[in-house]
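Feature annotations, reproduced from TrEMBL:
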| type | residues | note |
| --- | --- | --- |
| DISULFID | Cys1-Cys13 | disulfide bond |
| DISULFID | Cys67-Cys82 | disulfide bond |
| DISULFID | Cys87-Cys99 | disulfide bond |
| DISULFID | Cys94-Cys112 | disulfide bond |
| DISULFID | Cys106-Cys121 | disulfide bond |
| DISULFID | Cys124-Cys136 | disulfide bond |
| DISULFID | Cys131-Cys149 | disulfide bond |
| DISULFID | Cys238-Cys253 | disulfide bond |
| DISULFID | Cys269-Cys287 | disulfide bond |
| DOMAIN | 300-334 | domain 'EGF-like' |
| DOMAIN | 335-376 | domain 'EGF-like calcium-binding' |
| DOMAIN | 338-376 | domain 'EGF-like' |
| REPEAT | 513-556 | repeat 'LDL-receptor class B' |
Amino acid sequence: CAASRQATCAAACIPVPWLCDGEQQCPDGTDEQCGQGAEFCTLSSVCGTKKLQCPGTHHCIPHWELCDRHQDCEDGWDEEGCPQQPCLPGQWQCRNRVCIMAEWKCNGIDDCGDSSDEDVCAPCPLGMVRCDEGKCILESLMCNDEDDCLDGTDEPSTCGELGMAAAQKAEAMGELSCFMVMGYPLYFLPACSCQVCSARVDIRSGDLYWLAFLHLSCPRTHVPCRDGTECVAQEYMCDGEKDCADGSDEDGCAQLCNTPGRSHSSYPCGLGACLNASLVCDSRQDCVDGSDEGGNCSVHCQRSCAHLCYPSPQGPRCWCGPGYRLAKDGLSCVDIDECTEWGEGACSQICLNAPGSYSCSCLPGYLLEPDGHVCKLTGPEPMLLVAVQSEVLSYGLRSGREEVLLATDKDRVVFSLDYDLVERKVFWMDLATETIRWQELNSGKKGTLVKGVRSDCIAVDWLGRNLYWTDGAAGQVLATRLGAVWKGIPEYTVVVDGDLNQPHSLVLQPLAGLLYWSEVGSHPRLMESTMDGSRRHVLLAQGLGWPTALALDLPTQRIFWLDEKLGSVGSARLDGTSVKVLKLGWVRSPFAAAVCEGQLYWSERKIWSVQQVDKTSGKNRTVLLKRHGQPHGLQVPIWGAPNPAVPALLGTNGCAKSNGGCAQLCLPNP
């Protein structure tokens, strides 16, 4: 493969970041055979699995020397085709030219992906050690038979010898109870007040030392698995899927006969199974332990039950029909409000409760699926717009069809983007020229909206005919007219400024005349204001790290965010209540996000992909796009948008009709 940062795989080429990313690209799967003794199909046998071979030579370099601004291959192959985009003020450029927030440097985390933000810093934080290439890793990853350091220095050849020596030494000392780690007997030391102590090796000196593992600490919205190795969201408990590696999130769940969706006429067997009450005391053993028979089964029902009375080994009991639960008096039944208790688990949009039941309906423009729960868009296929390096692609969310909508100069990067539903124009931020540009999809006509601006995110008010953007360095949100023509003088206004702490992502609600943005400074928060910048207030200021990507889901009136620092997906109602956070291991470097129907989509910069998950559960992750370039902006426009000339659809956006009577810029104040 001629291009830089690519490697051969059978008859195709794939970027190096796609190696060991959890998605098979090579037909034989060798791009995912990491640390298994097999060589990557992309790498020459001369260099082995840890390094890349400079074309036409026997010279080998590690992955992290690609695009590090230093020519390591004689012909400069390792520096060819590397991204040239500059970083914004307040950001720091890594060796591989990825831009990160300046304060992320020397935080003990490899935010760059090549460790360049950590390899010139002070010693690693407590509990971490530095690889020879500069990256900090957890001490617990030493000698675990996996190369966590790119150069393999966490797995020295003496690991096995020292591990066995440690075990023998501990055994000779007569230490306490034995615990098996990596096949070697390791022991609790008397000084340990924690769960496990194990032998580890210092990378630099090779000295043996003992390491104590503390109890796993989970966020308040998560619970630990029994084996103590991971946390799962509370919503994942007893949902019928094993999310813990040891399956402990599903243990004992059959005893919970009143979980959502299960009949409230259920009887818990002694060993955990949940049995329909009609099968209890029927002279047939249905519970494995026989706990559904015997006892007081022969006692006749003489209670004044509101619904049904069944015999049980504990004596006669009242039961309720579907959609009801037994009241505290043990006799009457009360209606279950599925809409409130189940939330989006009941209906994807509108839920109407009824005695003993509920029904779902959809907003205009959506159609209820045959399952009676899920709403789907009517009309044309919804499309995902994605900026990948110098191109903007469309991806059919039903068909999976890809198409290049527009392409800029190869040396420019399409950063943030948005779409004008009325004039079918794509707007994007060009960091290289500090310009916001546009192109009509129908005619291909191009133009420049404004120059001399730098922004992480732009957003189009297609109803009020304005474009907004954030300036993280200046701490401002700004706006200009969509119909502005560049005449050499910037024509825009500052909408919000003051105490903004690095505003980053930005989303609009044109029908309501509201805007939302995230701040990723020292005090991260989510903010809301009217589109003229007034009535500003804090939506959320707790439980955030770096909320770098925002998305609105108007049918459910929720705002979603992806947090790069915490590796999580969060959502809340538009009034800041009903906060829900899911910690997901595959959220690494999110840039932009969008919600459509039941799915959340986002772009991942470090592993060059666009992914989706179920917006409610965070499950069913799918990689939609993998291209030879870094994805940035992402949107899901609704192609059949309402006509702003129809008064009923103008909402509270006062600028939607006749520009609000303004001669130039009109900013809505609902």
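Cβ atoms are placed via backbone N, Cα and C, with glycine included.
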Out of Cys112, Cys131, Cys136, point to the one nearest Cys99 (disulfide bond) in space (Cα versus Cα); all of them are disulfide-bonded residues in the record. Cys112
Average the pLDDT scores across the domain 'EGF-like' (338-376) and report the rounded value. 89
Between the disulfide-bonded residues Cys131, Cys238, Cys269, Cys287, whose Cβ has more other Cβ atoms within 10 Å than any of the rest? Cys131
For Cys269 (disulfide bond), identify the closest of the disulfide-bonded residues Cys106, Cys112, Cys121, Cys131, Cys149, judging by Cα separation. Cys149
What is the three-state DSSP composition of the domain 'EGF-like calcium-binding' (335-376), stated as helix, strand and coil residue counts? 8 helix, 16 strand, 18 coil
I'm trying to understand the geometry here, so how far is the Cα atom of Cys149 (disulfide bond) from the Cα atom of Cys136 (disulfide bond), in Å to the nearest whole number? 8
Length of the line joining the Cα atoms of Cys287 (disulfide bond) and Cys238 (disulfide bond), in Å: 20
Its residues classified by DSSP, the domain 'EGF-like' (300-334) shows 0 helix, 11 strand, 24 coil
Could you give the Cα-Cα distance between Cys112 (disulfide bond) and Cys106 (disulfide bond), in whole Å? 11
Cys149 (disulfide bond) has its Cβ surrounded, within 10 angstroms, by a count of other Cβ atoms equal to 25
For Cys121 (disulfide bond), the spatially nearest of the disulfide-bonded residues Cys94, Cys131, Cys136, using Cα atoms, is Cys136
